[in-house]
Amino acid sequence: MSERLVTSNEIGIDSTNEYSLRPEKINEYIGQDKVKERLNIFIKAAQRREEALDHVILYGPPGLGKTTLANIIANEMGGNLKITSGPAIERAGDLAAILTTLNTNDVLFIDEIHRLNRSVEEILYPAMEDYVLDIIIGKGAASKSIRLDLPKFTLIGATTRIGMLSSPLRDRLGVLCSMEYYTDEQLKEIIIRSAEILGCHITEEGAFEIAKRSRGTPRIANRLLKRVRDFAEVLYDNEITEEAAKKSLEILEVDGEGFDRIDNKILEAIIDNFNGGPVGIETLAYFVGEELDTIEDVYEPYLLQKGFIVRTPRGRMATDKAYKHLGRVRFNESKIDSKQCTLFEK
């Protein structure tokens, strides 16, 4: 199966020109205004005290710029960024090897920090609190503990599931930042900036057309820009206008809401096969031809967020927005009361 253009997870195309598109300083970073304001204050305060920035947790959906913010923090603090992930650190020794390579004001960025092994976490606690690393050399009766001093560094954890962090780890993270989806206007600014870096001419209308299909996510916006740029170079004299963006994205099967073929197939299944629902998730997955976990983790969250489906105790139901989007008429007069539905009922 080909890679999905509108997934917020990282795919192969994202590595192309990825770092050239990322801002280096906090005043270049577009969006997340509340997060930027707080971080800017904390960074300046740490600099004035000549201390390391307190440890940070960035949480929210994927693709919103957590790694970019970590890189900006490292640049602002005059340190280097070292990147790893929770699943990649399998043993305490793996983490110890990383910690001993850090220098003063370096930033250690751990993606998916909620997936850290608990034994690995225990190594982190004294490193975060006291900047020391306790290691045991030898085995059995001959073993001994050695304490190594570490430079003043900043740990930045990123997670899509803040509730899965252990309490001891969460208590040691002094700066909590919630990342939110971007507005279409903010994404338009990001797209215009990225187009300039890529050497592609784009109109404001063309940028907005891509922005509104980018699902509130900069990673998707930049990905769609790269693909639309290909069409512009071949078919539209290297200029992305509103019309060029529309036609290109139609060929890429990304509609005006940012839905792709499977998103629309889910809505069609609920409306056409089950009269708008309710329908159980297992049955829905069967009709769509996707794995149940894929429906729940990949496709459903955005449809819920946009208000095109709701979860009820009896299953998924399509809303009036879904009917309108597909050009269908609701023959069932019953209305969905969203207040009686919950995003967390299965």
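Yeah, the Cβs are placed from backbone N, Cα and C, and that goes for glycine too.
Among the candidates Arg115, Arg118, Arg170, Arg172, the residue that Swiss-Prot names alongside Leu21, Arg22, Gly63, Lys66, Thr67, Thr68, Glu129, Asp130, Tyr131, Tyr182, Arg219 for the ATP site is Arg172. Counting other C-beta atoms within 10 Å of each candidate's C-beta, the binding-site residues Leu21, Tyr131, Arg311, Arg316 are led by Arg316.
In this record, ATP is bound by Leu21, Arg22, Gly63, Lys66, Thr67, Thr68, Glu129, Asp130, Tyr131, Arg172, Tyr182, Arg219; the longest C-alpha to C-alpha distance in that set is 37 Å.
Across the structure, Leu21 (ATP binding site) and Arg311 (DNA binding site) are spaced 38 Å apart at their Cα atoms. The average pLDDT computed over the region 'Large ATPase domain (RuvB-L)' (1-182) stands at 89. For Glu129 (ATP binding site), other Cβ atoms within 10 Å of its Cβ number 10. The two recorded residues, Thr67 (ATP binding site) and Arg316 (DNA binding site), have Cα atoms 34 Å apart.
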